[in-house]
Amino acid sequence: MATHNKKRLNLKDKYRYLTRDLAWETTYQKKEDVFPLEHFEGIKITDWDKWEDPFRLTMDTYWKYQAEKEKKLYAIFDAFAQNNGHQNISDARYVNALKLFLTAVSPLEYQAFQGFSRVGRQFSGAGARVACQMQAIDELRHVQTQVHAMSHYNKHFDGLHDFAHMYDRVWYLSVPKSYMDDARTAGPFEFLTAVSFSFEYVLTNLLFVPFMSGAAYNGDMATVTFGFSAQSDEARHMTLGLEVIKFMLEQHEDNVPIIQRWIDKWFWRGYRLLTLIGMMMDYMLPNKVMSWSEAWGVYFEQAGGALFKDLERYGIRPPKYVEQTTIGKEHITHQVWGALYQYSKATSFHTWIPGDEELNWLSEKYPDTFDKYYRPRFEFWREQQAKGERFYNDTLPHLCQVCQLPVIFTEPDDPTKLSLRSLVHEGERYQFCSDGCCDIFKNEPVKYIQAWLPVHQIYQGNCEGGDVETVVQKYYHIKSGVDNLEYLGSPEHQRWLALKGQTPPTAAPADKSLGAA
């Protein structure tokens with residue numbers, strides 16, 4: 001009896017059979033009813049077969065690939081915990097950067113998982129559906145590994161105990177939350193422009209490189225490891241972001257003005273969101289990697305400039321107000337740290353005045369702005385603290401209606417003047433931090449008048465109290481004086497000094513970084 005050896009499928013054919021060949025054309029239901037949001041935004045798709053799949057993975061390959069990474073990752077997590085790896089970090093102040101990451105970035109990734117799970121259902125093209133499904137699983141995995149990486153710190157440091165609860169409530173966490181809420185309430189193509197292109201492709205290096213490099217410079221091997229584990233995923237996500245934009249632009253010329261408007265909007269929203277990351281780089285890392293100004297120059301001005309030059313042939317120009325970011329990179333991190341320093345009664349992490357070494361580093365990195373505009377402010381606050389009059393602002397800051405950051409930024413052409421824009425819509429006045437946010441509101445006022453602004457809600461009595469202290473403890477679940485306020489002399493600082501066998505200083509040191517080990 002003759003036997004026939006069946007030829008094995010190559011990877012390309014296997015991928016096609018297990019993804020696109022599982023799709024079908026609708027018959028007993030109208031295609032418009034099955035995919036109702038595909039035409040919602042005015043994007044015209046003429047041929048889904050032109051979609052170039054960026055992931056090129058089948059599910060069985062995906063699970064095998066990720067399982068191998070998980071094994072190595074959790075082995076390192078276990079070793080880190082068993083060897084008390086938290087004792088090897090540069091200084092306890094570094095953990096405050098992790099608190100910011102866990103409360104602001106990890107829930108953002110979970111929202112991305114929810115968003116990709118939803119929009120993947122909205123595309124009639126099988127390639128796009130599979131890509132969104134893969135990225136949804138990636139984002140969920142990132143949340144899990146980040147939480148597991150930082151869970152060890154929760155045993156030894158304050159402020160990491162209730163990140164999911166805080167994300168929906170704390171005033172400065174409404175910045176990342178409002179970004180993703182905005183994206184998830186848009187149509188499917190705008191969501192991919194917001195997350196896959198504007199954030200994952202254009203700006204993601206400004207998020208992950210500072211955090212992972214900062215972790216390496218400060219002895220945090222757990223965070224470095226999950227960063228490396230996510231790196232290959234992020235490469236696929238960036239590829240998807242570029243493919244999305246090029247695919248839409250190549251499908252129909254009518255898509256160009258719609259996409260340009262989205263790029264203008266989401267670039268500005270991403271830039272404002274990353275202000276928190278820039279502040280972390282410049283102020284929260286005891287051992288610093290690079291300044292925000294340097295990072296913006298490398299990862300956006302150089303890399304982003306080349307990208308938009310490439311997109312010129314499709315009729316796409318650089319984002320609106322991009323020139324303001326070149327000016328703002330010299331100012332925004334100092335302004336935000338100054339705001340969080342004075343409003344730290346309502347944060348879940350500690351703040352402090354940089355020591356002289358750090359102030360000198362900032363002077364070196366920002367030679368045209370720091371000594372002139374910001375160093376005198378920090379030195380004055382340090383003098384006040386030395387006299388026992390550490391400055392706290394007993395109010396809460398006024399928030400921008402769109403990005404929800406405090407309105408504390410200055411005019412692009414005048415660093416001594418606050419930037420404030422306002423307009424009246426249907427008899428109600430709304431305020432904004434910049435021209436960029438004001439323009440976004442003008443294009444979609446019906447959306448942004450519904451924004452849930454934490455400070456407004458607190459003062460209206462909708463947050464379990466009308467005063468800051470009650471809201472912080474009851475509504476935010478933050479332990480006042482333990483999770484927040486000044487780092488110097490805090491319980492966390494005292495424990496770190498005891499661990500290192502040091503004696504606590506009586507005042508903020510003027511000649512070196514605080515409590516550096």
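Backbone N, Cα and C define each Cβ position, glycine as well.
If you look up Swiss-Prot, you'll see E109, E139, H142, E234 marked as Fe cation 1 binding site. According to DSSP, H142 (Fe cation 1 binding site) sits within a helical segment.
The Fe cation 2 binding site annotation in Swiss-Prot covers E139, E200, E234, H237. There are 18 other Cβ atoms within 10 Å of the Cβ belonging to E234 (Fe cation 1 binding site). In three-state terms derived from DSSP, E234 (Fe cation 1 binding site) belongs to a helical segment.
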Inset, instruction - Please report how many Å separate the Cα atom of H237 (Fe cation 2 binding site) from that of E109 (Fe cation 1 binding site), as a whole number. - result: 13
Inset, instruction - Do me a favour and check the Cα-Cα span between E234 (Fe cation 1 binding site) and E200 (Fe cation 2 binding site); whole Å is fine. - result: 7
Inset, instruction - Select the most exposed residue of E109, E139, E200, where exposure means the fewest other Cβ atoms within 10 Å, treating these as the binding-site residues. - result: E109
Legend entry - Pairwise CA distance, H142 (Fe cation 1 binding site) versus E200 (Fe cation 2 binding site), rounded so that it is a whole Å: 14
Legend entry - Other residues, Cβ within 8 Å of E139, E200, E234, H237 Cβ centroid (Fe cation 2 site): A112, Q135, D138, H142, S196, T204, D233, R236, M238, L240, G241
Legend entry - Other C-beta atoms that fall within 10 angstroms of the C-beta of H142 (Fe cation 1 binding site): 24
